[in-house]
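J.: Have a look at this one.
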Amino acid sequence: MSCRGKDSAGEEVIKPYTPTTLDSDLGCFELVIKMYPQGRMSHHFREMREGDYLAVKGPKGRFKYQPNQVRAFGMIAGGTGITPMFQVTRAILENPNDKTNIHLIYANVTYEDILLKEEIDNLATTFPNRFKVYYVLNQPPEGWEGGIGFISKEMIQSHCPPPAADVQILRCGPPPMNKAMASNLNDLGYAAQMQFQF
């Protein structure tokens, strides 16, 4: 969905967001919004009050998911790039006829930056044989047991399904991360048709 608002200078700003709700969630949609101190759209959301209207356009997107279209998804997300992954994960796991397995690698700077952690962990607990999550932090707290630093080829090899015709890797994150992940996936043998970038 594209959302339209005004930044702190009164200039119009339009920014895309991926709803975390599904098509079956009738009558509403939910967005996960990360507020940045200097964010132009963040300013608009900060100024909004309950009952205000928001101009939105959509839905839109190039990714059309069909149940059981692949045996397994590898998902590589950074920061707010988790939202399309969460939406696809919900669509798969909440459909009793869908047998797709999901392997998510989710990277953030700090533990506090992890969005939707409780919801993701609940899905991992509810579907332990079909949904695996591996968190990676750039600045981990003491005693952290997940990944440290940036997502590496070794992490992808350990936590994503290996290249195969019935496997697809989805990725979404900041542009430098997307570029690095595309390079890592190519080096690991994931063909272009096995990859999709939101």
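Glycine too: its Cβ is placed from the backbone N, Cα and C atoms.
Automatic, uncurated: that is what TrEMBL annotation is.
The FAD binding site annotation in TrEMBL covers PRO16, TYR17, VAL32, LYS34, MET41, SER42, THR83. Annotated domain 'Oxidoreductase FAD/NAD(P)-binding' per TrEMBL: 75-181, in sequence order.
Could you tell me the structural context for the features on the list?
T.: Of all Cβ atoms in the protein chains displayed, 20 besides its own lie within 10 Å of the Cβ of MET41 (FAD binding site).
In the domain 'Oxidoreductase FAD/NAD(P)-binding' (75-181), the DSSP tally of helix, strand and coil residues is 42 helix, 27 strand, 38 coil.
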J.: Look at the binding-site residues SER42, THR83 and tell me which residue has the greatest number of other C-beta atoms within 10 angstroms of its C-beta.
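T.: Sorting the candidates by Cβ neighbours within 10 Å, the top entry is THR83.
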J.: Within its own chain, what residues at least 6 apart in sequence put their Cβ under 8 Å from the Cβ of LYS34 (FAD binding site), listed in sequence order?
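T.: SER42, GLY79, THR80, LEU115 - these are the non-local Cβ neighbours of LYS34 (FAD binding site), listed in sequence order.
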J.: Select one residue from PRO16, TYR17: among these binding-site residues, choose the one with the most other Cβ atoms within 10 Å of its Cβ.
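T.: Sorting the candidates by Cβ neighbours within 10 Å, the top entry is TYR17.
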J.: Within 8 Å of the centroid of the Cβ atoms of PRO16, TYR17, VAL32, LYS34, MET41, SER42, THR83, which other residues of that chain place their own Cβ, given that this set defines the recorded FAD site?
T.: CYS3, LYS15, LEU31, ILE33, THR80
